[in-house]
Amino acid sequence: MHSYDYLLLLAFFAIVLLPAPWLGRFYYKVMEGQRTWLSPILGPVERGCYRLSGVNADQEQNWKQYTLALLAFNLAGFLLLFAVLLLQGSLPLNPQHLPGQEWSLAFNTAVSFMTNTNWQSYSGEASVSYLTQMIGLTVQNFVSAATGLAVLVALSRGIARRSAGTLGNFWVDLTRATLYGLLPLCLVLALLLVWQGVPQTFADYVHAVTLQGTDQTIPLGPAASQIAIKQLGTNGGGFFGVNSAHPFENPTAWSNLFEVASIILIPVALVFTFGHYVKDLRQSRAIIACMLALFLIGGSTALWSEHQPNPALESAQVRQSAPLEGKESRFGTTGSVLWTVTTTSASNGSVNAMHDSLNPLTGMVAMVNMMLGEVIFGGVGAGLYGMLLFVLIAVFLAGLMIGRTPEYLGKKLQAREVQLLVATLLVMPVGVLILGAIAASLPGPAGAVSNPGAHGFSQLLYAYTSGTANNGSAFAGFGANTTFHNVMIGLAMLIGRFGYILPVLALAGSLAAKKSAPQGLNSFPTHGPLFTTLLLLTILLVGGLTFLPTLALGPIAEHLSLGF
């Protein structure tokens with residue numbers, strides 16, 4: 001590693017961590033309807049939205065009403081996007097006259113963007129019109145992220161409130177998350193990207209003749225606005241086929257820094273938002289410490305692995321300081337690895353290098369980040385409510401070890417809460433192991449892999465892990481655009497999204513109804529290094545140990561077979 005690499009890492013952590021406490025407090029004030037510096041500008045817009053939609057902002061909902069509103073909104077978003085994708089060829093703003101998508105691909109794409117996964121079995125510039133990108137994909141990028149933030153806020157209220165029957169109003173939370181939480185930051189990032197050379201235009205594709213005399217089509221489009229929310233909303237779906245490796249999505253080292261930092265900017269800030277809800281920022285610091293520890297463990301492993309020369313190329317007497325196959329030279333190895341670890345720590349899934357070309361252990365780090373349930377920062381809202389589930393599981397385990405009824409911040413965890421927690425632990429195994437096993441056992445679907453042996457298994461394992469974790473990245477050698485995989489990965493994405501959201505909202509309702517006992521000397525502290533260590537081990541053992549046999553068949557076997 002060179003001095004530039006260390007400066008990149010320093011700048012990345014500075015951009016992410018320094019504004020997090022301020023931004024976290026801002027989100028708390030916004031979601032609770034308190035006045036902020038944006039209120040004079042966006043307040044009238046917010047109130048206008050309520051009047052137009054007939055929403056009573058003062059009427060709160062219980063957890064069942066909140067859940068039904070969320071499900072209805074997401075179903076409507078899915079149906080609208082599904083229709084737009086099917087009818088794309090007949091709609092305006094389609095200068096390339098691209099046809100509508102085949103039904104299974106349209107189903108997969110609509111589910112993908114509705115669940116904040118952004119798994120793409122297609123290439124954007126060759127399959128999706130400008131109108132579809134804007135009113136279909138970009139809109140879902142906003143509202144899927146806002147949905148995750150709303151669920152987190154509902155859980156935070158459930159933990160913080162005492163003897164309460166309501167969690168807030170989903171429509172209000174959705175509106176505030178979009179207007180105040182996402183739009184202003186996206187505007188700033190989009191302008192920065194345009195400054196760096198990312199296109200934002202409705203012009204037709206450019207047809208050019210190269211110096212060699214061959215014809216070339218250069219795709220354009222309203223890219224900067226979508227890329228901004230793709231990153232800040234932890235969505236990840238690329239405007240162009242190769243995502244942020246494309247020079248029009250990510251043209252410079254500066255744009256690379258802005259984009260990779262923006263992936264986890266909001267998730268980190270929301271940890272402090274939770275601290276404001278429970279009136280104890282020590283809880284935020286403990287959770288941040290655990291997240292950073294997991295991130296640094298995975299990042300260090302990936303950096304070490306990816307800077308090792310590939311034995312296969314060494315035997316061919318190819319000189320290499322670090323493997324650059326599948327990477328962009330303008331980002332280098334460290335910039336590519338940083339993005340890989342960040343995008344899989346969050347439920348983002350965008351890439352600036354080809355994950356299929358990573359050394360086996362680097363690819364394994366990316367998979368493990370997702371297999372843990374995207375709790376290392378995670379998606380907007382989704383990452384923290386996933387982490388809070390592990391916090392409650394760690395508290396439950398601590399209670400078992402010391403023989404006390406487990407409690408978190410004065411709320412006792414009883415049979416109903418533990419049942420809901422256990423239900424969430426089944427989400428990743430069902431999506432990855434069961435659906436993945438079905439795909440691997442059938443000769444047709446298994447033929448989607450492009451490599452034999454361990455790496456081919458890793459391609460399939462990565463696909464179903466990414467879908468269930470609502471990440472969206474892929475080993476690009478996997479041929480996902482088949483009816484079987486479009487439907488099965490679509491189901492995995494639905495399981496991964498709503499398999500968490502439904503128990504989380506039920507848990508929030510259960511906790512909100514409980515009385516809160518004052519914490520005394522006998523209470524187990526959840527803000528110190530002891531609990532942080534317990535939480536870290538709980539995540540690794542309870543969340544990760546399930547997948548060790550499959551990892552042994554994939555990236556670990558490949559690593560050993562290559563002779564690293």
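A Cβ is built for glycine as well, from the same backbone N, Cα and C atoms used for every other residue.
Sequence-distant contacts of the transmembrane segment (4-24) (same chain, at least 6 residues past either end, Cβ-Cβ under 8 Å): 257, 260-261, 264-266, 268-273, 275-276, 281, 284, 288, 332, 334-335, 338. Sequence annotations record features per position, and here Swiss-Prot assigns transmembrane segment to 4-24 (among others) based on sequence analysis.
Taken from Swiss-Prot, the feature transmembrane segment applies to 67-87 (among others).
Beyond the transmembrane segment (135-155), the same-chain residues lying 6 or more positions past its ends with a Cβ under 8 Å from any Cβ of the stretch are 27, 31, 63, 66, 70, 73-74, 77, 80-81, 84-85, 113-116, 118, 128, 167-168, 170, 173-174, 177-178, 181-183, 225-226, 229-230, 232-235, 237, 270, 273-274, 277, 379-382, 384-385, 388, 501, 504-505, 507-508. Per Swiss-Prot, transmembrane segment is recorded for 135-155 (among others).
Annotation comment: Swiss-Prot describes 179-199 (among others) as transmembrane segment. Nonlocal intrachain contacts for the transmembrane segment (179-199), taken as residues 6+ away from its ends with a CB within less than 8 angstroms of a stretch CB, comprise 27, 30-31, 36, 38, 42, 45-46, 49, 142, 145-146, 149, 220-225, 227-229, 231-233, 248-252, 254-255, 258-259, 262, 265-266, 380.
Residues annotated as transmembrane segment in Swiss-Prot, with sequence analysis given as evidence: 258-278 (among others).
Swiss-Prot lists 286-306 (among others) with the feature transmembrane segment, giving sequence analysis as the kind of evidence.
Here Swiss-Prot flags 382-402 (among others) as transmembrane segment, drawing on sequence analysis. For the transmembrane segment (382-402), the list of distant contacts is 116, 148, 151-152, 155, 159, 234, 267, 270-271, 274, 287, 290-291, 346-347, 373-376, 408, 413, 417-418, 421, 424-425, 470, 500, 504, 507, 524, 526, 531, 534-535, 538-539, 542-543: same-chain residues at least six beyond its ends, Cβ to Cβ under 8 Å.
Swiss-Prot lists 420-440 (among others) with the feature transmembrane segment. Counting residues 6+ beyond its ends, the transmembrane segment (420-440) has Cβ neighbours under 8 Å at 371, 373, 386, 389, 392-393, 396, 413, 446, 457, 460-461, 463-465, 467-469, 484-485, 488, 491-492, 495-496, 499-500, 503-504, 506-507, 510, 542-543, 546-547, 550 in the same chain.
Look at Swiss-Prot and you will find 487-507 (among others) tagged as transmembrane segment, backed by sequence analysis.
Summarising the annotation, Swiss-Prot assigns transmembrane segment to 534-554 (among others) and lists sequence analysis as the type of evidence.
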Should anything in the same chain at least six residues away from the transmembrane segment (286-306) have a Cβ under 8 Å from its Cβ atoms, list it; otherwise answer none.
1, 20, 268, 271, 274, 322-323, 333-334, 336-338, 340-341, 345, 358-362, 365-366, 368-369, 372, 375-377, 384, 387, 391, 526-529, 531-532, 535-536, 539
